[in-house]
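Student: From TrEMBL, for reference:
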DOMAIN    67-331  domain 'Orn/DAP/Arg decarboxylase 2 N-terminal'
MOD_RES   87  N6-(pyridoxal phosphate)lysine
DOMAIN    360-434  domain 'Arginine decarboxylase helical bundle'
ACT_SITE  488  active site, proton donor
Ligand SMILES: *Cc1c(COP(=O)(O)O)cnc(C)c1O
């Protein structure tokens, strides 16, 4: 039985297994292994973050395509627009690729802070929409006025009444002497009754941090009218929460928002023309069974249909539809490639046994050895139970001082070998016992990356990401695996889950390389990543395909070197440099030539990044 690591569930056709390797299903279909080796040969070691702009394009095309299709099918007269929420990924290699591949679509950006607004103003093509959400101070609002005056199509979404007061204040200041006053468009975020589901649901709902209640909406409407700004009210906005696993709550939210739109329009908001449905479109991260109960087609159809119904019932024009889906657009484009450094229980090997000559081993150890030698499918279960019993007895004997450390070591090795062999023999049975056994013999794979830096949502929320080896896929993996990262924090582990088992290959890292790919890491993980133990953003590279399907690597940005990391923490580098140097120069253990050599080495290390480079391996290391 080959293991496709759930690729058919989470892969969305983006990758394919070709013989031994997993390949990019695009252009000339290079394997991730050959791309990785190509980059490593240029001297970049440690984990690599590979970006694939063609997968950003694919997601944008899918999103726009689904809504264009739905609009045609329902003969919907409102338009469709989308913006990318920068909080999902603000890295320049990503944002610049996004703008480039979105081409003629007029795909815009959403900003939630001043820094993001500056990125949006600099990178959004004029005319494509910019939306601004989140808490805003006077300066942020003034920046939006500057954007509007520079020709940007920008909408400020108000989250509370006092923001509107500030907008009015800035409007008075900025437009006092203007011959033709220019203000950003204004959107109102509504506080929904309905809530989403799942671990990210809390950004919607009545107790949400954001949005205006009905009373506040009416109040805001009056304020705009009195200030003669009602013509700027353009958009109703809501956001139901991220990674919606079901579509039911969205339908409820659409009806709520649609009715508020229609009510305000009938009241006299003549330029109100858009509903912004926020983000929340889910990504299928599961390697075992699908977790999302809707398709993108159904999502688009539901949105268009709901809006059409309400517009018809209330006799108002069909609104333009905006989305701010971020996770859906960004997640697939990035793959983290991380080298395996070590397998922890490799010592449980037959060759490590230290059996004494016949007759000198404790009888139970001899018995374990015989069980191991005569284990078959038909007797595996029984022998295994015997072995576990013997182990209990032998450990007690050790505690009481009747057997020695070598006997105890033999016990551990033999029981481990018996469990391993039993698991293989009983593999076809999907029994609870098998799961328990797998759990027991799990192998700990030490992997050169930081979970805190590269998979923070796993650490914080238990979000699963698909993991698979990049090669050996023509061989059956036999080791139930847990993944250990290189931070010295025991939370830096992806434990083995018997209900969603990850099986990896039994490899000898001293003889061969073994790389894991962690997929769908392009949304949130990079920016939420933290420098626990001072491991920084991994080396990243952009993989582009030309018209012939040939790939090339561009935009390599190496992980920060040790001194840069310390500088970021505002250490005084001059002082650190001096202190290290003086210690060596004053050392009594070294002569002059040795001092020169040690200094040279030190400076080389300081220029390198903090991921592991050398390991016991004969391959020359990481
Ligand atoms: C976070 C956020 C989004 C993006 O949500 P995704 O789940 O990534 O699609 C969109 N709009 C608002 C207002 C947000 O806060």
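Glycine is treated like the rest: Cβ placed from N, Cα and C.
On a predicted model such as this, the values are computed, not experimentally measured, just so you know.
Burial and contacts for the listed features, if you can.
Tutor: DSSP gives residue 87 (N6-(pyridoxal phosphate)lysine) a helix state. All protein chains shown were included, and the count of other CB atoms within 10 Å of the CB of residue 87 (N6-(pyridoxal phosphate)lysine) stands at 19.
Every protein chain considered, the tally of other Cβ atoms within 10 Å of the Cβ of residue 488 (active site, proton donor) stands at 8.
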Student: With DSSP as the reference, give the number of residues of the domain 'Arginine decarboxylase helical bundle' (360-434) in helix, strand and coil.
Tutor: 55 helix, 0 strand, 20 coil
Student: For residue 488 (active site, proton donor), name the DSSP secondary structure in the helix/strand/coil scheme.
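Tutor: In three-state terms, residue 488 (active site, proton donor) counts as coil.
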